[in-house]
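Chemist: After the C-alpha cells below, expect a handful of questions from me.
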Amino acid sequence: MTYPGPPRPVRISATPLAELADQLGVAAPDGSAEITGITHDSRAVRPGDLYAALPGARLHGADFVTQAAGLGAAAVLTDPAGAERAAAAGLPALVVDDPRARMGELAATIYGHPGRDLLQIGITGTSGKTTTAYLVEGGLRTAKSTGLIGTVEMRIGDERIKSERTTPEATDLQALFAVMRERGTEAVAMEVSSHALVLGRVDACVFDIAVFTNLSPEHMEFHSGMEDYFQAKAQLFTPKRSRLGVVNVDDEYGRRLAKEATVPVVTYSAEGHPDADWRADEVEVGPLDSTFTVLGPKGERIAAKSPLAGPFNVANTLAAIVALAAAGLDPQSAADGVAAVPGVPGRLERVDEGQPFFAVVDYAHKTDAVESVLRALRKVTEGKLHAVLGCGGDRDTTKREPMGAAVARFADTAVLTSDNPRSEDPLAILATMLQGAASVPAHERGEVQVFEDRAAAIAAAVARAEPGDTVLVAGKGHEQGQDIAGVVRPFDDRQVLREAIKKTQG
C-alpha cells in the first residue's frame, strides 16, 4: 500500500504507549496500545500511529481524529481542547498543554533516536541556506553516504523527494532520519529555518555542526522584528541544538552570534576579516564560477573553487568547506568535493539555448539577495542587465518597496511582475513595488516596465536582450507552480525563460 507523506522506515520496534506517557509525565491511558509511528497529518496516518492532533489557526487537529482512527491510529497526542474529541473516537489520548512542543521528542523516541547515528550539519541564515546545504552535501559525498533536506528537495542517497517546506515537521523529520539510518546513510546536510526553530520542527535534534550564513530582514510577518528573528536563529547555537557553530563574521549579526553563542564557535570570512579563523584569499570571480585560496587557523592553504558565480557564493563555498573541516573531513578533499557540485536548482541556474546573451534564473526574493545577485551579474555583463522580479503575496509587505528600488537601481531594465500573489491583488503588490522604483533618482534608475502576467514579463525582458547582455529572472528559482488566488498552476521560470528564448531564436 502507498501512503501519503515522506517515507518511513520499513523496520521499527513498537513503543508501548505507557512508555511515552511516562516520558511526558502524564498518566498512562487504559489499555496496552503499541506505537509504531507518529504523524501530525490525519491523511497520512498508518496503522499503529500516534496521531498528533494540534491546535491550528482555523481548525484543530482533533477535528480529524475520526478520520485518523479509521486509518488505524492507535492513540492521540493532543491538548485539553482536543481530548474530549479523541475520547469520542474511542482512542486513548496523551494530553499535554502544548502538544507541538512535545511532538519532536516523542517522534525521536518512537523511531529510536535515529539522528544520533548520523553526522548532522545544519545550516541557518536568511540567504545561502540552500546553496550551502548542497555544497556541504557535495563535500560529504567524498567520504560518506549522504542525505540532504531543504527547500528544493530531500535526498536519501540517490532518491529524490519533493519538499513541502524548508525544514520538515518533527514527525516527518525523525522518520526521514530513521529511513536514512536504515538505508546506510552516514551524514546529512540540512537547512534549518527560523520557523523550524520557533515551531519545534528540530526538537530532539542536536546538530554536530551548525552553520550561520547571514541575517537580514525577512519573515517579518512571522517575527516581531529583527531582534526576535536573531534570537530565533541563535537557538541553533545552544547546547540543546548543536555541538559546534560555524559563523560568518562578515555579517554584523554573525559577529554578535560568535560572541553570544553558548557552544564553541569557528568563524569564517570571505572578505578577509583578520580575526576570522578561516578566510578567503586571492579571490577571482568569474562569470560562471570563482576560485580562491582558503587560509586556515593552522596555516592551511587550500585551493578552492565555487561552482556558482558571485561573491556571495564564495562565502557559501567557504562556509561549506569550513563546516566540513570542522566535521573532521580533510579540508582539501572537502574543497574538491564542493567544487565538483554541478549546481543548485534555481540558484543562478543558467538557461542556454545557444543565444548570444546570458540568461539565468535565481531564487533571490529578499532585498539584499536581489542586490547581491544584480551586483554579481553586473560585474560579468558586457552589455545591459535586464531583470524580472516580483514580490509574493500574504508575506512580508515591508520588503516590497525596497525590492522595487533595488531592481530599478541595479538593472538597466527592471521588469516588475507577479510572483506568487496568493490571496492578494497582484496589481496592488506591483503598485507598492513601483513606488519603490520611483523613489530611485532618475539618473540612477533603469527603465522600469510592469507586466502583471509573469510569462509576458519574461518574454519582454528576453525581447530586449542583445549580444553581451544578461537576463535575470528572480524570485521563484526552483519553484514549479504559481499561486494566484489560492490556485497553484504549473509555472517554472526556467521553462518559461527557455521557451521565450527559443521564440527569439526563430
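Every residue number used here counts from 1 along the chain in the order it is shown.
For all residues, glycine too, the Cβ spot is worked out from N, Cα and C.
The following feature annotations were taken from Swiss-Prot:
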- G125, T126, S127, G128, K129, T130, T131: ATP binding site (BINDING)
- R395, D419, N420, P421, R422, G475, E479: meso-2,6-diaminopimelate binding site (BINDING)
- K233: N6-carboxylysine (MOD_RES)
- 419-422: motif 'Meso-diaminopimelate recognition motif' (MOTIF)
Chemist: What whole-number distance in angstrom separates the two most remote CA atoms of the meso-2,6-diaminopimelate-binding residues R395, D419, N420, P421, R422, G475, E479?
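Modeler: In whole numbers, the farthest two Cα atoms are 17 Å apart.
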Chemist: Identify all same-chain residues not among R395, D419, N420, P421, R422, G475, E479 whose C-beta atom falls within 8 angstroms of the centroid of the meso-2,6-diaminopimelate site's C-beta atoms; report them in sequence order.
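Modeler: Those within range, site residues removed, are H365, G390, C391, G392, G393, S418, K476, Q482, D483.
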Chemist: For R395 (meso-2,6-diaminopimelate binding site), list the number of other Cβ atoms lying within 10 Å of its Cβ atom.
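Modeler: Its Cβ has 19 other Cβ atoms within 10 Å.
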Chemist: To the nearest whole angstrom, state the Cα distance for the pair R422 (meso-2,6-diaminopimelate binding site) and T126 (ATP binding site).
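Modeler: R422 (meso-2,6-diaminopimelate binding site) to T126 (ATP binding site), Cα-Cα distance: 22 Å.
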Chemist: Using Cα coordinates, what distance in whole Å links D419 (meso-2,6-diaminopimelate binding site) and G128 (ATP binding site)?
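Modeler: Roughly 20 Å, rounded to the nearest whole number.
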Chemist: Which of the binding-site residues R395, G475, E479 has its Cα closest in space to the Cα of G128 (ATP binding site)?
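Modeler: Checked the binding-site residues R395, G475, E479; minimum Cα distance to G128 (ATP binding site) goes to G475.
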Chemist: Kindly assign R422 (meso-2,6-diaminopimelate binding site) to one of the three DSSP-derived states: helix, strand or coil.
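Modeler: Strand, per DSSP.
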Chemist: Please give me the CB contact count at 10 A for G125 (ATP binding site), counting all chains in the structure.
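Modeler: The Cβ of G125 (ATP binding site) has 26 Cβ neighbours within 10 Å.
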Chemist: Look at each of the binding-site residues, G128, P421, G475, and point out the one with the fewest other Cβ atoms around it within 10 Å.
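Modeler: Among the binding-site residues G128, P421, G475, the lowest count of other Cβ atoms within 10 Å belongs to P421.
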Chemist: Among G125, T126, T130, E479, these being the binding-site residues, pick the one whose CA is nearest to that of K233 (N6-carboxylysine).
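Modeler: Closest by Cα distance to K233 (N6-carboxylysine) among the binding-site residues G125, T126, T130, E479: G125.
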Chemist: Which one of the binding-site residues (T126, S127, T130, T131, N420) has its C-beta surrounded by the most other C-beta atoms within 10 angstroms?
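Modeler: Result for the most crowded candidate: T131.
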Chemist: Measuring Cα to Cα, how many Å separate N420 (meso-2,6-diaminopimelate binding site) from K129 (ATP binding site)?
Modeler: 21
